[in-house]
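Straight from Swiss-Prot, the features:
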type     : residues                                       : note
BINDING  : Asn118, Thr168, Lys172, Arg290, His322, Ser374 : substrate binding site
ACT_SITE : Lys170                                         : active site, proton acceptor
MOD_RES  : Lys196                                         : N6-carboxylysine
BINDING  : Lys196, Asp198, Glu199                         : Mg(2+) binding site
ACT_SITE : His289                                         : active site, proton acceptor
SITE     : Lys329                                         : site 'Transition state stabilizer'
Amino acid sequence: MAVQTKGYQAGVKDYRLTYYTPEYTPKDTDLLACFRMTPQPGVPPEEAGAAVAAESSTGTWTTVWTDLLTDLDRYKGRCYEVEPVPGEDNQYFCFVAYPLDLFEEGSVTNILTSIVGNVFGFKALRALRLEDIRFPIALVKTFQGPPHGIQVERDRLNKYGRPLLGCTIKPKLGLSAKNYGRAVYECLRGGLDFTKDDENINSQPFMRWRDRFLFVQEAIEKAQAETGEVKGHYLNVTAATCEEMLKRAEFAKEIGTPIIMHDFLTGGFTANTTLAHYCRDNGLLLHIHRAMHAVIDRQRIHGIHFRVLAKCLRLSGGDHLHSGTVVGKLEGEKDITLGFVDLMREDHIEEDRSRGVFFTQDWASMPGVMPVASGGIHVWHMPALVEIFGDDSCLQFGGGTLGHPWGNAPGATANRVALEACIQARNEGRDLMREGGDVIREACKWSPELAVACELWKEIKFEFEAIDTL
């Protein structure tokens, strides 16, 4: 019901009367979002889409007189298209255009607070998922992005023409700092480029952060001296406060470590952007772990797709980001995974619905983020990983290194031999997807470490249907 007063009509009216604008043509400066929405029974999809646009921009549940004090046409979000999701009942893709002025420059926190901060609890919707975002170039240029990017990292490491190799130290909790450093040294001297703190290693009673940093740096320097290669370990500086996080980052810089790590979702985008700026200013590479992501992105009809989180991380800043494996133990469907991997590291990506890319995205020469494939992978996966992810990636073997019967260093050697064999075969023109098994078996003849690893893991598979498919 509406009540008319002079120059103002109070009351409640349908959202679609104001926020559903199918005639609107999005501007180059608009931020575009695609939502998958499931309206409540009886709610028209156009009304639901308009409600999403309203509640994530300027609207509220009733008309307010202060609308007269601004230009709503300039600032409101607009639902400009609603289309059914193919093959699904009562699900719709809702496309919303947001004016650039709604967002603070250089703030992922503000963007997400606006777009997903409140509307996901809206009663008119049974479920809502943010599938994709198109960041306009005008907004992209207000962000620093990754501290350094893929090319600068390769130049610093002096490593080209192949993926990088890593390993997460296990057990993830319980080791003393000295034993932890020993495990790092064995992996690095065996042939890995990096080792890594797990996401929940911070500063616990069994291993305080400063002790870990010192023993790990000693291991890095010893392995570098023995191998003649640049090595690194992702020291996790995630902490309870930004001040403590930066203190740990400062100490890492002082002892000479090349790379640190942050849990960007549990730590938050404000903390992550702060750390990324510090890393740019102080010459540290920044590895990003996505701990907690599946809470947000795993359900197909509600939450936020990981491609959105990956795009936001590229803006916020990170040189590496975990991206799934396609072939390992963690969720990842090939075409969809490669869609957001390209969004992480390429400069320009065209719309391609078959890969889940709803908008063309131009990153305006912002440095790329290196995808990190980790979770349940071992030497038999190496040909597929090289073929799927290409050179600009980091292949992270945890159990696939430390589980070797002969120990950490032979496990690392097995992975390095498998990788080098696959790269040589690829460069010779062989088809790794078809001949990969033969390539690995041939390499076993001159690497006993690889032969033992292949025998141990020959039956290990993780074959479950992916939850998130299009």
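Heads up, the Cβ atoms here are built off N, Cα and C, so glycines get one too.
The shown structure was predicted, so the numbers you read here are calculated from the model rather than taken from an experiment.
What Swiss-Prot annotates, mapped onto the structure for a quick look.
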{"residue": "Asn118", "record": "substrate binding site", "CB count, 10 Å": "12"}
{"residue": "Thr168", "record": "substrate binding site", "CB count, 10 Å": "24"}
{"residue": "Lys170", "record": "active site, proton acceptor", "CB count, 10 Å": "16"}
{"residue": "Lys172", "record": "substrate binding site", "CB count, 10 Å": "13"}
{"residue": "Lys196", "record": "N6-carboxylysine", "CB count, 10 Å": "28"}
{"residue": "Asp198", "record": "Mg(2+) binding site", "CB count, 10 Å": "18"}
{"residue": "Glu199", "record": "Mg(2+) binding site", "CB count, 10 Å": "20"}
{"residue": "His289", "record": "active site, proton acceptor", "CB count, 10 Å": "28"}
{"residue": "Arg290", "record": "substrate binding site", "CB count, 10 Å": "23"}
{"residue": "His322", "record": "substrate binding site", "CB count, 10 Å": "23"}
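Under the three-state DSSP scheme, His289 (active site, proton acceptor) falls in the strand class. Separation of the C-alpha atoms of His289 (active site, proton acceptor) and Lys196 (N6-carboxylysine): 10 Å, rounded to the nearest whole number. Close to Asp198 (Mg(2+) binding site), meaning Cα to Cα within 10 A, are the following recorded positions out of Thr168, Lys170, His322, Ser374: Thr168, Lys170. Thr168 (substrate binding site) falls within a strand when secondary structure is assigned with DSSP. For the recorded positions Lys170, Lys196, Glu199, a Cα-Cα cutoff of 10 angstroms around Arg290 (substrate binding site) retains Glu199. Its Cβ taken as reference, Ser374 (substrate binding site) is surrounded by 24 other Cβ atoms within 10 Å in the chains shown. In sequence order, Thr168 are the binding-site residues from Asn118, Thr168, His322, Ser374 with a C-alpha within 10 Å of the C-alpha of Lys196 (N6-carboxylysine). Separation of the C-alpha atoms of Asn118 (substrate binding site) and Lys170 (active site, proton acceptor): 39 Å, rounded to the nearest whole number.
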